[in-house]
Amino acid sequence: MSDFERTEFELPPGVGHSQNEDLNPQQTAGDSDIDTSLRPKSLDEFIGQPKVRTQLDLVLGGARSRGVAPDHVLLAGPPGLGKTTMAMIIAQELGSSLRMTSGPALERAGDLAAMLSNLMEGDVLFIDEIHRMARPAEEMLYMAMEDFRIDVIVGKGPGATSIPIEIAPFTLVGATTRAGMLTGPLRDRFGFTAQMEFYDTADLTRVVTRAAGILGVDITGDAAAEIASRSRGTPRIANRLLRRVRDFADVNADGKITVEVARAALLVFDVDESGLDRLDRAVIEALVKGHGGGPVGVNTLALAVGEEPSTVEEVCEPYLVRAGMVSRTPRGRVATAAAWRHIGLEPPEGTIGL
């Protein structure tokens, strides 16, 4: 056993069972500068998503060979998998300028009209969280996507007139974490939809190794795999955990990350071997120890761990369900055999997954 495995480190102070923000797949302000340096610049550099990369290579290559703008592209999938990066790569592969905005920023049709009227021929317009666009802006987008023109209403009341405005041919790339919330008319106007999938440990290990090389971090292969295995299948989380482990290694190990250093660092930052944090484990313990494994309603669970129901439902549950530790049933949440064993208890007969 190494010195790092024998040493006990004090866990960072937390309030209640609050989530470790390093495990939040959503982008945070602290990601921006580092993410920019780590983003791949081409489809060849992009790690993972082999099916999407192959499909996009054909879609973009076909458009280039014909000398036309490619079909509009919808990138769907959970946060943190590289949808924004893929939009940047699409523009790069086409040799086009990229204009970026988000659904929530397009509150009025006029907001979208101003952006569309400033596009140059061949530009790529990226709309993140496109499912959150206001309806007036979305309806204007229909005509822009199909006919490359928009109708602008001038005036009010009976005297209002509609003025058609031609816009330059462009390619729209939309990103959504909730494809089911897209309206049918909007979804149907995308010529190609790419479904981004969670990463396996092998691809995430490559992500960590590549990021370490760019950041100048001295890391062993098994340490990269250790970080990858706790990253919830999400590159954004893997890159964050690498930075936390690097901080630990700089202070405690002369900057060299071995697997022992990685494990010790992740213990300090409260990320266990399954990628669970304090809040995830609190939910499991509330299910198992407080309610015999369930079923339990989300409001009761939230009360037990001192969090809002939306936090339990939107932050904890997706990964716990995907990890096979929680099952959602019509009667409530149920702990599986894997959840019982994760906290060191033997599941009773009849437990899901036994």
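The backbone N, Cα and C atoms fix where each Cβ goes, and this holds for glycine too.
So that you can see what the record holds, here are the features copied from Swiss-Prot:
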type     : residues                                                                                 : note
BINDING  : LEU38, ARG39, GLY80, LYS83, THR84, THR85, GLU146, ASP147, PHE148, ARG189, TYR199, ARG236 : ATP binding site
BINDING  : THR84                                                                                    : Mg(2+) binding site
BINDING  : ARG328, ARG333                                                                           : DNA binding site
COMPBIAS : 17-30                                                                                    : compositional bias 'Polar residues'
REGION   : 1-38                                                                                     : region 'Disordered'
REGION   : 200-270                                                                                  : region 'Small ATPAse domain (RuvB-S)'
REGION   : 273-354                                                                                  : region 'Head domain (RuvB-H)'
Between ARG328 (DNA binding site) and TYR199 (ATP binding site): CA-CA distance (Å): 23
Helix, strand and coil residues within the region 'Head domain (RuvB-H)' (273-354) as assigned by DSSP: 42 helix, 9 strand, 31 coil
Among LEU38, THR84, GLU146, which are recorded as binding-site residues, the nearest neighbour of ARG328 (DNA binding site) by Cα: THR84
ATP binding residues LEU38, ARG39, GLY80, LYS83, THR84, THR85, GLU146, ASP147, PHE148, ARG189, TYR199, ARG236: largest Cα-Cα distance, in Å and rounded to whole number: 37
Fewest Cβ neighbours within 10 Å, where candidates are the binding-site residues PHE148, TYR199: PHE148
C-alpha spacing of ARG333 (DNA binding site) relative to LEU38 (ATP binding site), in angstrom: 38
Cα-to-Cα gap, ARG333 (DNA binding site) vs THR84 (ATP binding site), nearest whole Å: 33
Sparsest-packed among the binding-site residues, when each Cβ's other Cβ atoms within 10 Å are tallied, from LEU38, GLU146, ARG333: GLU146
Lowest local Cβ density among GLY80, THR84, ARG328, which the record lists as binding-site residues, within 10 Å: ARG328
Mean of the pLDDT scores, which run from 0 to 100, over the region 'Head domain (RuvB-H)' (273-354): 87
Per-state residue totals over the region 'Small ATPAse domain (RuvB-S)' (200-270) - DSSP helix, strand, coil: 52 helix, 4 strand, 15 coil
